[in-house]
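Positions annotated as transmembrane segment by TrEMBL: 49-65, 74-95, 101-122, 131-149, 161-179, 191-212, 224-248, 255-275, 281-299.
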Amino acid sequence: MMNCQEGLSKNSVVGLGLGQFLSLLITSTGLLSSELAKKGINAPTSQSFLNYILLALVYGGIMLYRRKALKAKWYYYVLLGLVDVEANFLVVKAYQYTSITSVMLLDCWSIPCVLLFTWFFLKTKYRFKKLVGVVICIAGLVIVIFSDVHSADRASGSNPIKGDLLVIAGATLYAVSNVGEEFFVKSADRVELMSFLGIFGAIVSAVQISILERSELKSIHWSAGAALPFVGFSVAMFLFYSGVPILLKISGSTMLNLSLLTSDMWAVLIRIFAYHEKVDWMYFVAFAVVTAGLIVYSVGDKMEENPAEVGDEEVEQSKHFDEEAVGRGNSCIISAAKNGEALPLLK
């Protein structure tokens, strides 16, 4: 009993820390994107393209070195790569039409979508305390948005309706991508997921760049000032994508999306200490509220799970994969379930 609880407690702490590291990475990508925008560079798909190339080279090389059979069908990764590329594209594109406040608010649409998709497709059960943690986190973000409206960001954008629709569509695709990654991380293989996401993400991005951003790339006057933010963005995204599967396996896609809510608060701290800007006091209240919500959500793992519940989840997971394992034999599945190992997807 004590060993189980201690393990869960450690996972909660690791999940909280890793979530904030990923949130800082997202903050850095936003700052680098703003630097590129100031230089007149507007090529969101091209920025993501380098990240997918890095994923394909690093994780693809590891996968080739291991020479293991695929645990999931390759065309599932094609769909995941397509969804991921378009999610990034739609949300970045929305900044051209609507305000930052609208993007921040509507991007939260990914959280209820993740809750719904994980409940329906992954059969994830959410306890009351976890839902309370979600509500607290969203309340913290609402405070940030209210502060923006109250103090500075009153611009509505050139076409707010179009921009808002783009954000909603992008947030929905983000939810689909996160839930898909969680499924593959827990049932297939992290290296396999990252390598194929990089390969097919790069292919989809290349096609899209050739159609939508070819003239934009030709007009860019490349210099150190333009290349460094471009490369920095790609490196930060590569680290972010590398850390996401780890957090998904530890805490799930809901915890990932909740953790990323603090990215705006980290941006505020950077503005204070790096640029010596003054910000509204409500930002600090919001940061504390979101942090409290994350802790409430994480503590639910330790306080509410017990060996009996964990056993029930393993039985349900075993039943799910039994349906896909006809013709492979049941002995391998039963052995994996007893050892607590992830059950493989069958081709």
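Backbone N, Cα and C define each Cβ position, glycine as well.
Heads up, TrEMBL stuff is auto-annotated, nobody curated it.
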Two-stretch contact, the transmembrane segment (191-212) and the transmembrane segment (161-179), at least three Cβ pairs under 8 Å: no
Long-range Cβ neighbours of the transmembrane segment (161-179) (under 8 Å; 6 or more residues past either end): 80, 83-84, 86-91, 93-99, 102-103, 106-111, 113-114, 117-118, 121-122, 244, 248, 253, 256-257
When only pairs 6 or more apart in sequence are counted, do the transmembrane segment (101-122) and the transmembrane segment (49-65) reach 3 or more Cβ pairs under 8 Å? no
Most CB pairs under 8 Å with the transmembrane segment (224-248): which of 49-65, 255-275, 281-299? 49-65
Should anything in the same chain at least six residues away from the transmembrane segment (49-65) have a Cβ under 8 Å from its Cβ atoms, list it; otherwise answer none. 81, 85, 191-192, 194-195, 197-199, 201-202, 205-206, 209, 230-231, 233-235, 237-238, 241-242
